[in-house]
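**Student:** Under the heading domain '3-dehydroquinate synthase N-terminal', TrEMBL lists 86-198. The NAD(+) binding site annotation in TrEMBL covers Gly124, Val125, Ile126, Gly127, Asp128, Thr148, Thr149, Lys161, Lys170. The domain '3-dehydroquinate synthase C-terminal' annotation in TrEMBL covers 200-348. Sequence annotations record features per position, and here TrEMBL assigns Zn(2+) binding site to Glu203, His266, His284.
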Amino acid sequence: MTDPLTSDHGTGDLPQDMAETVHVPVGGHPYDIVIGEGLIDRLGALVRPHLARAKTVIVSDATVADLYMERAVNSLEKAGIACGHIILPPGEASKSFAQLEQLTDTLLDHKVERRDCIVALGGGVIGDLAGFASSIVLRGMGFIQVPTTLLAQVDSSVGGKTGINTRHGKNLIGSFHQPRLVVSDLAVLDTLPSRELQAGFAEVVKYGLIGDPAFFAWLEQNAGPVLGGDRAAQRHAVAVSCRAKARIVAEDERENGRRALLNLGHTFGHALEAALGYDGRLLHGEAVAVGCVMASSLAARLGLAHHDECIRVERLFAAAGMKTRAHQLADTLSAGDLLAHMAQDKKVENDRLVLISGPIGDARILRGVETDIVAAVLEDSLKHPAA
């Protein structure tokens with residue numbers, strides 16, 4: 001990729017209380033991402049112009065609802081918007097057929113109409129599940145994303161991918177369904193456990209690896225401020241990430257080409273998640289971090305990147321406090337098992353793996369990568385260092 005996704009990597013002088021808007025000019029359904037502080041308390045005013053009818057149903061999980069549901073409902077009702085709510089169990093296990101069925105039934109119990117709007121208040125699991133439900137209930141309802149994790153703010157809430165997991169793998173059942181609006185309140189990041197922040201940081205790093213070496217270098221210098229609560233650094237990281245994703249999604253909404261670059265680290269990462277059974281031991285962003293290190297190793301083995309770039313990639317994730325090797329995750333993992341899960345990936349073409357790899361800032365789509373090379377990358381990541 002020759003042109004950087006963004007070139008300005010100062011944190012800027014935008015007043016702390018002002019919101020920043022990133023436009024996503026996708027197909028017939030363009031929308032905005034609003035990034036700022038205290039936005040949940042302004043949710044009603046932000047949402048109202050995007051409603052065909054002043055009725056919403058908030059979908060959240062028990063953890064997030066305890067923190068933000070009352071404030072979100074109060075803001076919506078203050079704006080004259082009728083508001084129901086549905087609370088689901090937290091965790092990746094909720095991205096299932098069983099929870100989808102329960103959610104759609106409960107939405108119909110609320111007597112929703114097609115002109116009503118679902119508000120997804122939560123992390124990536126809630127956004128994916130509520131978004132998928134909104135795409136199929138009454139053959140399609142509007143929905144609004146209010147992401148409450150860093151990972152959801154920079155990745156899963158943007159671009160319209162929705163879905164659930166199956167025993168065959170992650171996100172294999174789903175739809176493309178763009179939100180009407182994304183509201184990213186940076187203040188929610190203060191309540192996240194450090195592990196959740198780190199998981200989101202992995203997706204931020206991904207954008208530097210895909211097409212912006214200057215942003216990657218900025219992250220090498222600013223990982224501490226982003227993870228430590230520096231609001232200017234966090235806003236910059238979220239805005240740059242969203243602009244990068246918006247540009248790619250606008251060019252390729254349905255992932256027929258360049259959008260596949262956004263899956264950097266994900267084919268490896270999804271295999272790790274599937275092998276561990278989505279049991280909470282491994283967060284999605286943690287899997288992506290290890291997957292990005294594997295992708296960097298693959299690039300070096302294929303002669304696409306220098307070894308020192310692999311060192312920089314692994315060092316950045318390690319500096320953020322993240323695990324970088326598969327052997328650090330569980331003793332039960334094997335290369336054969338991971339390869340079997342990778343074979344179920346959505347990007348497989350004619351039974352051949354399609355992987356994303358390349359030097360820092362210049363990722364590319366690689367088709368037909370030899371299995372023995374991928375196996376060597378996996379074996380290296382699974383190998384315990386010599387005592």
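Residue numbering: from 1, along the chain as shown.
Placement of Cβ uses the backbone N, Cα and C atoms for every residue, glycine included.
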**Student:** Tell me the Cβ neighbour count for His266 (Zn(2+) binding site), meaning other Cβ atoms within 10 Å of its Cβ, over all protein chains shown.
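**Tutor:** A count of 26.
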**Student:** Relative to the mean position of the Cβ atoms of Glu203, His266, His284, the recorded Zn(2+) site, which additional same-chain residues have Cβ within 8 Å?
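**Tutor:** Here the non-site neighbours turn out to be Leu151, Asp155, Ser156, Ala202, Lys206, Gly265, Gly269, Gly285, Ala287, Val288, Gly291.
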**Student:** Across the domain '3-dehydroquinate synthase N-terminal' (86-198), what does the mean pLDDT come to, as a whole number?
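**Tutor:** Summarising the domain '3-dehydroquinate synthase N-terminal' (86-198) by its mean pLDDT gives 97.
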**Student:** Based on Cα distances to Ile126 (NAD(+) binding site), point out the closest of the binding-site residues Glu203, His266, His284.
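**Tutor:** Smallest Cα separation from Ile126 (NAD(+) binding site) among Glu203, His266, His284: His284.
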**Student:** Could you state the whole-number distance in Å separating the C-alpha atoms of Asp128 (NAD(+) binding site) and His284 (Zn(2+) binding site)?
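**Tutor:** Here the two Cα atoms lie 13 Å apart.
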**Student:** DSSP secondary structure for Thr149 (NAD(+) binding site), reduced to helix/strand/coil, please.
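**Tutor:** In the DSSP reduction, Thr149 (NAD(+) binding site) maps to coil.
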**Student:** Using Cβ atoms only, which residues of the same chain lie under 8 Å from Lys170 (NAD(+) binding site) while being at least 6 residues apart in sequence?
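**Tutor:** In sequence order, His270, Glu273, Ala274, Tyr278 meet the Cβ cut-off.
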**Student:** In whole Å, how far does the CA atom of Thr149 (NAD(+) binding site) lie from that of His266 (Zn(2+) binding site)?
**Tutor:** 18
